[in-house]
Structure formats: C-alpha cells, structure tokens
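What TrEMBL says about this protein:
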- A:30-167: domain 'DDH' (DOMAIN)
- A:240-321: domain 'DHHA1' (DOMAIN)
There are 2 protein chains.
Amino acid sequence: MTAGRTEGAGGCRRVDAAGAAALLADARRVLLLCHQKPDADTLGCAFALYEALAARGAQVAVASPDGFPRRYAFLQPAGFSPLPPAGFCPQLVVAVDVGSPTLLGPLEAAWGGRVDLCIDHHLSNPGYARQLFLDPEAASATQLVAQVLDRLGVALTPSLASCLYAGLAADTGAFRYSNTTPEALRLGARLLEAGAQGYQICQRLFAQKSRGRVEMERLVYNSLEFLAGGRLAVLVITQQMMARTGVTEDELDGLAGIPRQVEGVQAALTFQQKGPRLWRLSARTSQALDASAICARLGGGGHIRAAGAVLSGTLEQVRARAEASARQALREWEEATA
Amino acid sequence: MTAGRTEGAGGCRRVDAAGAAALLADARRVLLLCHQKPDADTLGCAFALYEALAARGAQVAVASPDGFPRRYAFLQPAGFSPLPPAGFCPQLVVAVDVGSPTLLGPLEAAWGGRVDLCIDHHLSNPGYARQLFLDPEAASATQLVAQVLDRLGVALTPSLASCLYAGLAADTGAFRYSNTTPEALRLGARLLEAGAQGYQICQRLFAQKSRGRVEMERLVYNSLEFLAGGRLAVLVITQQMMARTGVTEDELDGLAGIPRQVEGVQAALTFQQKGPRLWRLSARTSQALDASAICARLGGGGHIRAAGAVLSGTLEQVRARAEASARQALREWEEATA
C-alpha cells in the first residue's frame, strides 16, 4: 500500500486528496466527465479543475452527457470550449461527482470502464474507477476538489472560487440542508475571501425562474389537494401541463417538495405523467412517516423522506392506489405513536 | 475616553463588544427590548441574552411590543416567561436589533428615552441609547451578541447557539444575501459545532408555510400578469383574498419578491389593498432600474431595488398610474443603455 492509497474491492483503489493531486499533477491531457442532468456541483468541479489544470499547462477537455446548460454558463472558465481540442487523446480520465457509471449516460460505453480517477461524495459509489477519492461526509464534490487543489498548490482565483462555491451552495441548498457541516461553512467563508461571487451565484441558483417554471408553479398550486385532514397533499403534473408551459424536465426540480412545506402535511404525493397511462409517483414525507414504505407497497422504493414508484393506469386508478398506501402509513404511524 | 468607548453625538456613547459586555456583567436586573413585528434576529438576540444572563444569576425580562409569535417559540430558552417577574424594576435596559426608538411601538413612550445599551447592525441607527454597540457590517445583530457573549466568557450551549444561528440565518436568507460575509459563515460554523440545530432552524424559517399562505400563493400566481414584453410584472392582493385565505399581514412577507424572480422581469409592482379605494404599492426592481424613482413619481419613495407608495382610487386607476411610471423607468433605462 502506497501512502495516500488503500486497496479497495474490484481493483478500485481508495485515495485521499494528496493521492488525487499526485495523479493530476503529472497528467498532460485530462478528460473530465460530468454526470447526466448536470448540476452546479458536477459542473463546478469540472470547470474548477479545467481552469486549474489548464493554468498548469495541461490540455483539458470536459465531456457532459447532457451538454452545458445555459443556466450554468456563468461558471464556465475563460477560454472554455465545450469541444475537445482536435485529436485530443486523454492520458487521464477523471469523473467528478459521478456516483455511478450509468450516470455517464451515452458516455458510459466509451468511458465508463476507463475512468482513472473519480472524485465523489456519494456513499453509494460502487468504486468503478481505478482510483477513487470518496468522502460521503463532504457536502459537495467541490469541497473535495478544493482539497485536491490545495494539495496541488493552486491559488484560488475568483473564478475558481465561484465554481467551488456554486457546487457547495447548490448541494446544501445554500447551507439550509442537514448536510451543512462546519467544514462546509468554513470553506464557504474561504471562497468568499478568495473572491467567489456568493450572492450572484445564489441569485442564479435559487432566485431566478423561467416564465414556464412560474406558469408551472401556478398550475401546480391550482392542482394541489389536501386530504386526510390536511395531513396528505396530492399534486398532479400532466403531460398537457408540460406541453402548455414548455418547461423541461430539469425545470421541475423541487416541485414535488412544495406540498411538504405546508404546515400539517405529513406525506406529499406527486404524480407526474410519463405516458397516456403511465405515471411516476414521488412521495415526500415529514416527521416520522416512511416514504419508502409507502412506495414499496406500490412496487417502488427509496429513502425514508423521499421515495418513488412507477404506476400504470388512469390518473384515478393510480391515485386511488397511492393514496390508500399513504393513508395506511398515516394510520400505522398514529397507532405507533398513540 | 474610556477603553472600549468613543463619544458620539447627542449623549450617545459608542462602545465595542468589550464595553457592552462590561455593562451587562454588572447588571442584576436586565430588561431586553425587541422591535415591532419581531423576527428571528431580535428574538434570537433577546433569548440568547436571557439565557446567558439568567445563568449568571441576573433577573431578566424580555419585552416585545408585538408579543412572542408562535413561529419563533422554538427559540425560547428553558423557563422563559413572557411576563416580567412581579415587582421587576430594571437596572439596565437593553434594546437588541432595534434600529430606532419608533420601532419599540407601544413601548416607546415608557422605554424609548431610557435605553442604556443598544446592540444593533442598522446603519441608520440615530444613537438613541446611552451606549450603542453598532456594527453595520454585521450580517445580523446576533453576530454582535455572539461577540458580547465571548467577552462575557459565556460558553455556548446548544440552545444559545441555536438562538444566534436563527438570527444569522434569517437576516442572511440562510447565507444567500449579499450581506453574507466570511465572518458570518465562520460564525455559522462555530455555532453548528456548539450544537445549533441549523437544519431545523432553516426548515422552520424558510421551508414551512401555513395552509393560508399556500392558498395566498395560489391566488397570487393566478393574479400574476406580465406586461411590456415580460419586463414588467403586476401582482394584486385584495382584501377579499386576505379574508378568504385568513392570512395575517406578516404571512405576506416575500410575496412581493416572487415576480422579480422571473427571468426577464425588470420591475415588479405589487398592489395590496388597504381599504375600498386605498392601495399600497410595493415596487421591486432588478438590474439597473430604480424602484425609488418609480415610486417618487407616485408620491412615495424607498431604495433603488425596493420602494413603495400609497395610492388612492380604484384598482384600475392606481394600476394605470403605477404602470405608466414603471414604463417610463423602463424607457429611460433603455435610452440610457442604448
């Protein structure tokens, strides 16, 4: 065992920040891979590493299976090109915030088995890369990239700091979620001092909505129903609503969480239409209710506060089944706490 | 001039954290004053000082001109009583986060001229107290109370830390606003380490909504109109909507900001009905548009991004006047940047 490395299962070596930095320090041609439906964390990692490695003279390319959304274009480093340099042949392939090779989508076939280094904070990471720098306690993957850059001796420029801050803010809901650690806040402080545009980043991540999103929120508020004495909330998103507002799938983020915010609501069921008779159920729960139990009875699964299932039938049919399961969870919880 | 003090105008002495701590250290009976429409910052300061001073053996009372909203009851220290002890006669009167004596409302007559110490972060504080610990750079008044407690040698208990965190999170929008400094984030880190319930606090401050509030948001989304090619948004809140949803005035907080979040919107006008023919206009602007100029033409005023005016007439009449003023601001901005 080398310093900074421990042997893992299936040929995956666990490395720490120093180990990851050592790999990056020597690489002359680096390909950075982002996950599908890219967010501020995977892109923040990629853009920060792009700037830092390019400044050290390396050739760097970023591959994102779903491209580079306009929403995050403000994070792109100066001179960034979405296309690799002509004839680019990577010497080191690095996946950032990619918890599983399937999240590489159409890039999985070409690169899924050829990832040299993965920098990630997902506990579920199966260790698909040759070397893995994983810390599930990290609030964001950019928190880990910050450690790697420190080991590389990279000075934080304002644009680097903004990329790292964006991932940190996005993955902690701007320090509102339970993954907000003292370390996350201290890194935020350091990044602001290095010139990160914290306020502008939060404005772009949290405060701005497209006209379509606002129209969708309007429709969602109008479709919101409260059952079981206000303890159960039901929300329906039809394909017609999607077509009418023109929102994309990623603009629906967070809608399923709206009804759970309402005082007294213990379970929120969101039905999103995927086909004429196909629905995706998202269950969100507060307090002691188990969302995964609600969905398990419907053939799905998930976590205690957020779970899902795919249901076939008319809206009336799938609602009846899902609402019955949620009411059962409510009853069991009441009996257990009576 | 004593150490930790500088002489101010009108008999008000400026003190630093050490000066404020020295005053509090000797006081046996302390009255803490909050501002009207109490928020998590003024209450967080008061409850933190209550716990810390009571633990040192002082008799402490908190007076809040608008009482103690249920929303913030989770911050109340163990054994807190909203009523002063019988025969309580304060030796030291301390106003926390109270930027002006008028904000004491019905308490101003009795205490406005008798404030011994004010701990505040409002630049506009006129210096009405005998001694003033003011730092307009502080993100929250609890940030200043934290400094005072440090000088007093008070160890941060989890409940104390939660009170201070609540003020910090509330006044920075959970570290999203432009007043979020590295110091604010570092204090947040320290408070989490001391046991502050950061996640639960943010849930209570930001994530929970009453049924009435949700119903009001629904009505607001339905009343939202976009004019001038989507650059102007108009929102109407009638007395009928208030009655129908049963929301209180303080539950309307933030509604006027909703339309400004929409991509492309440069000015958002919210008309809140105050009487049959009386309306309160709130103007919110993005980018370079001056909200105070929009409202000045209507007899009101305010800041560059948030201003207001009171208008008489039918909704149609007041809308016509306000929209004309907003369109003029849009035209002038276009001409200036053309």
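Each residue, glycine too, has its Cβ placed from N, Cα and C.
Unlike curated entries, TrEMBL annotations are predicted automatically.
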(message) Mean pLDDT for the domain 'DDH' (A:30-167), rounded to an integer?
(response) 95
(message) Please list the DSSP helix, strand and coil residue counts for the domain 'DDH' (A:30-167).
(response) 55 helix, 22 strand, 61 coil
(request) Go ahead and report the DSSP secondary structure tallies for the domain 'DHHA1' (A:240-321): helix first, then strand, then coil. (result) 29 helix, 27 strand, 26 coil
